[in-house]
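Colleague: According to TrEMBL, the FAD binding site annotation covers Arg94, Tyr96, Leu111, Lys113, Met122, Thr164. Annotated domain 'FAD-binding FR-type' per TrEMBL: 41-147, in sequence order. Residues or ranges marked as transmembrane segment by TrEMBL: 12-34.
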Amino acid sequence: MDDLVNILKGNIAIAIGAIALLGAIGWWLFAALGGPVMDKQTARAFPLVEKTVLTENTRLFRFSVGAGKKLGLPIGRHVRLIAPAGPSKAEIFRSYTPVSSADVVGHFDLLIKIYPAPGGAMGRYLDSLEIGQTIDMKGPFGLFEYQVGKFKELGMLAGGTGITPMYQVYCPKTSCRQFFSRKIAFIGCAKAQL
């Protein structure tokens, strides 16, 4: 080891090259193993690994983020899904809030209501996906980020499938038990069962 140090002291170019190489290897490992899964500017494809029918018109879609990785979406933020061009030849964009915790490793879940045509193009597209097929996604987006323990009282109002953003706030990553020690007022309604 002392010989290596003496060689590096004698040749600054080798020392700088060695530091740059180690930095590049470290950056590659960070990106490959624990780097951010999402990007606001560039869409990334996430494969569908499971689809569960919950009701006649509601599905739970599970997408993989890769072994050992987390979606890492802050509580209160959402993602933007991008589907290929439909009959109108325009890409379909739709924002969703995952119902899985940000700390879940390997996957994230989306709870989506499937609406009949002419509306609901993204939901119908997702429902048509086979296991292994992918959906493009960007994120995180949104102006609100819930901080666990910041508020003693919390009021939430949701309509229809707007309940999903509330779900992550209702059961944050720490635990529902800690959250239930706080005073909560929640009002929600939907035309049909979710």
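Cβ coordinates are placed from backbone N, Cα and C, and glycine is handled just like the others.
Because TrEMBL annotations are produced automatically, they should be read as predictions rather than curated entries.
Owing to the predicted nature of the structure, the values given are computational and were not obtained by experimental measurement.
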Colleague: Are there any residues at least 6 positions away along the chain from Arg94 (FAD binding site) with a Cβ closer than 8 Å to its Cβ? List them or say none.
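Modeller: Once residues fewer than 6 apart are set aside, Arg94 (FAD binding site) is near Arg80, Leu81, Ala83, Met122, Gly123.
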Colleague: Give the number of CB atoms, excluding that of Thr164 (FAD binding site) itself, located within 10 Å of its CB.
Modeller: 20
Colleague: Along the domain 'FAD-binding FR-type' (41-147), what average pLDDT does this model show?
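Modeller: Value for the domain 'FAD-binding FR-type' (41-147), mean pLDDT as a whole number: 89.
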Colleague: Hey, what's the Cβ neighbour count for Tyr96 (FAD binding site) at 10 Å?
Modeller: 22
Colleague: According to DSSP, does Met122 (FAD binding site) sit in a helix, a strand, or coil?
Modeller: helix
Colleague: With FAD as the bound species and Arg94, Tyr96, Leu111, Lys113, Met122, Thr164 as its recorded binding residues, calculate the greatest Cα-Cα distance and give it in Å as a whole number.
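Modeller: Largest Cα to Cα distance for the FAD-binding set is 16 Å.
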